[in-house]
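*Asks:* This is the structure, below, for whatever I ask next.
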Amino acid sequence: MAIQKKHGKGRLDKWYRLAKEKGYRARAAFKLIQLNKKYGFLEKSKVLLDLCAAPGSWCQVAAECMPTQSIIIGVDLAPIKPIPRVITFQSDITTEKCRATIRQHLKHWKADTVLHDGAPNVGTAWVQDAFSQAELVLQSMKLATEFLVEGGTFVTKVFRSKDYNPLLWVFKQLFTSVEATKPPSSRNVSAEIFVVCRGFKAPKRIDPKFLDPKHVFAELTDSTPNNEARVFNPEKKKRKREGYEEGDYTQFKEIPVTEFINTTDPIAILGTYNKLSFEQSPGGDLALATLNRLEETTDEIRTCCEDLKILGKKEFRSLLRWRLKVREKFGLVVKKGQAKADEPEEVAEVAPMDEELAIQEELQRLQEKESAKRKKERRKENEKKRKEIIRMQMHMTTPMDIGMEQLGPGGDDATFSLKRVERDGARDVIASGKLAEIESDSEDDQTESDYDESDDEGDRLERELDSLYEQYQERREDRDSKVRAKKARKDYEAEEWDGFSDSDKEDDEESEEDGASQAVVKPAPPNSGTLSSKAAMFFDQDIFQGLGDVDDVEDEDSAIEMQEDDKSAKKGSALEKKAPKEAKKKAQAPEDFSDSDPEEPDDPRKKNGQLDIDIITAEAMALAQQMATGEKKSQDIIDDGFNRYTFRDVDGLPEWFLDDENKHSKPQRPITKAAAAAIKEKLRAINARPIKKVMEAKGRKKMKAAQRLEKLRKKSALLADDEALSERDKSQAIAKLMSKAVKKKPKQQVKLVVARGANRGISGRPRGVKGKYKIVDSRMKKDIRAQKRLAKKKK
């Protein structure tokens, strides 16, 4: 009988023979070829570093696939025979000498790809071999972080073991994409897999713990047991089959009950041990015997102590209460209030306050109140002066040619002010009407009273009308959704930003004298176009960041008012977000345009040069046609904007009246037949479009079809490049794949043939019927109806 030679556990397979035929130094070359076909990183690389490269098969593949004039460096502990276009040297990748040699060869270049296919000398023990290989991978990763370019690729071989997941976690911190794969040329019996890391993040600093094997592969300590959960929630306890504890193989723990009484952590004992024992030791224990004879130690307590693992929350609580009672009897518990029980209570006698002292305190309180009032008024006056000085510096004085010179600096009317009347104490006199008595006839008084009554009646009727109209509007909104949408649009358009509101909150009194000093600012020279340093500091506050430059708001005095209220600052936060961009744009603008009109409208053009205008009404279409044909000019349209309805006074009018008037109080624009037809055609085209869901469904269908075709194309390319298959097998496999992509024929419907006339009692296929068919008759129809009727009755 012939002796069958063993080929090293199947090492001499087809990849071994192909490597011999192709001239590769090892069968591992096909692993890199298959990885490159899947990820395509060699063609994009100009600098490659191969760690643990002996005998050099990966360097051979890299020299074939990479562009010419590429730099390929291979390093290993074992010597590597020379390879064309490859720089090789012998060194240990964990030493500083290897780093210096690589740096010398690369000079100022960075590696686009780093390969690592190394493994330690195996054969001692699988656990030790796996850890050594994981440690070697981490060392190669450390070397790759020094020489890899940002966005580079790192390919390494890893053994599947308990250290695989920590390695993968480290890779994911340093790379954007991490994938583990096993190429077909890798033997199935081998525990090796290849991890392809793409998109190196290139951080400026890497924590040394990331690349320290002691830290990365450290075993996590078990967390402390949660004894409270075992005691107070025993029904929620889940079994964890983690084996036995070290040195404890019986899983039964017993402890004397005296230790449970004396311990400071009874919950830990109840959660850890199985039994609290009352049994006496050979020498005897007096405390244990006393515990057993106590009145509190009932049979229920003894039964609960026999097996702690089967107890519930109620039994655990009774054991804890029993422990407290026993500790009180033995004197182990000291009550908190016991030490202070014998001490006499100190009673503080409060002497009655003297009458003179009470008067002095009242006077002092009134003086402080008056002082605070004066401080508040002084602060307001200083603030008003400071605002006036800033207005003068910014040339924002009130124009004298429109009759507003009588207004005060704060915008108050100087001719009459209620504040001044209140300060003089004459408000009550004016309100009472006793300033001047005028004789009047009794008839005039009667007439005035009648007028007052009629005015009250009119106000009441107006209020009733308003309330009835509101109820009518609410009923319309409940019935019609279009009315609700119209009201929502109206409310949204009516919203306006009211600016900053004054606040009555008082500031701290520590800034009493600061207001007057801050108000003294040197006046700016008349020719200077910039603010003074004080005003610039004032307008650098956060509250003015969203209001633009000073030149843009010269005519808007109210927009410059500084407010001290926190709520107003929150309202202005929406404007503050846009302030940096606007300030940056204005800083880059040339000085020639600083005096331009701030109200100049923005250019409505898009980036492609087309106007951002959509004509949706027949009136607008007719107007556009007139402008396009030259019948009307822009000045004519501006003139048409001034009509009898432009300045219609609507102040004080009720809402129901305005809603009715707005239907008719507007100019009637002429509409041409061509404009109406154009708008109708436009709406027809819009309505002809499918709805959004249908368009999305069609888009998804097209996208999935394209994805399937791309997938089939890649599979067919892989089959075409497979050297192990013959041409016939390749063509059959590709044809089979492409047949799946062909659109399936619609399912043929079953044709119903009524069994009457020539088809009554027929046994075969009816004449003239092709495809699937089913013969039906009136009896079958009645039976189906009866079945449906019975099923409905059962419900």
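Quick reminder: no glycine exception, Cβ is built from N, Cα and C everywhere.
Swiss-Prot feature annotations, pasted as is:
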{"type": "BINDING", "residues": "Gly56, Trp58, Asp76, Asp92, Asp117", "note": "S-adenosyl-L-methionine binding site"}
{"type": "ACT_SITE", "residues": "Lys157", "note": "active site, proton acceptor"}
{"type": "COILED", "residues": "354-395", "note": "coiled coil"}
{"type": "REGION", "residues": "367-416", "note": "region 'Disordered'"}
{"type": "COMPBIAS", "residues": "379-390", "note": "compositional bias 'Basic and acidic residues'"}
{"type": "REGION", "residues": "430-534", "note": "region 'Disordered'"}
{"type": "COMPBIAS", "residues": "438-459", "note": "compositional bias 'Acidic residues'"}
{"type": "COILED", "residues": "445-482", "note": "coiled coil"}
{"type": "COMPBIAS", "residues": "460-483", "note": "compositional bias 'Basic and acidic residues'"}
{"type": "COMPBIAS", "residues": "493-515", "note": "compositional bias 'Acidic residues'"}
{"type": "COMPBIAS", "residues": "549-564", "note": "compositional bias 'Acidic residues'"}
{"type": "REGION", "residues": "549-613", "note": "region 'Disordered'"}
{"type": "COMPBIAS", "residues": "565-582", "note": "compositional bias 'Basic and acidic residues'"}
{"type": "COMPBIAS", "residues": "592-602", "note": "compositional bias 'Acidic residues'"}
*Asks:* Within the chain of Asp117 (S-adenosyl-L-methionine binding site), which residues six or more apart in sequence place their C-beta under 8 angstroms from its C-beta?
*Replies:* Ala28, Lys31, Leu32, Asp50, Cys52, Ala53, Trp58, Thr156, Lys157
*Asks:* Taking a Cβ cut-off under 8 Å, which residues six or more beyond the ends of the compositional bias 'Basic and acidic residues' (460-483) line up next to it in the same chain?
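*Replies:* Distal contacts: 654-656.
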*Asks:* Restricting to the same chain and to sequence separations of six or more, state which residues have a Cβ under 8 Å from that of Asp76 (S-adenosyl-L-methionine binding site).
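*Replies:* Residues satisfying the criterion: Leu51, Cys52, Ala53, Ala54, Thr88, Gln90, Gly118.
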*Asks:* Would you mind ranking the recorded positions Gly56, Asp92, Lys157 by how many other Cβ atoms sit within 10 Å of each Cβ and giving me the lowest?
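*Replies:* Among the recorded positions Gly56, Asp92, Lys157, the lowest count of other Cβ atoms within 10 Å belongs to Asp92.
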*Asks:* Determine, from DSSP, whether Asp92 (S-adenosyl-L-methionine binding site) sits in helix, strand or coil.
*Replies:* coil
*Asks:* Restricting attention to the coiled coil (354-395), give the mean pLDDT.
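*Replies:* Across the coiled coil (354-395), the average pLDDT comes out at 85.
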*Asks:* When DSSP states are grouped into helix, strand and coil, how many residues of the compositional bias 'Basic and acidic residues' (460-483) land in each?
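*Replies:* Helix/strand/coil tally for the compositional bias 'Basic and acidic residues' (460-483): 23 helix, 0 strand, 1 coil.
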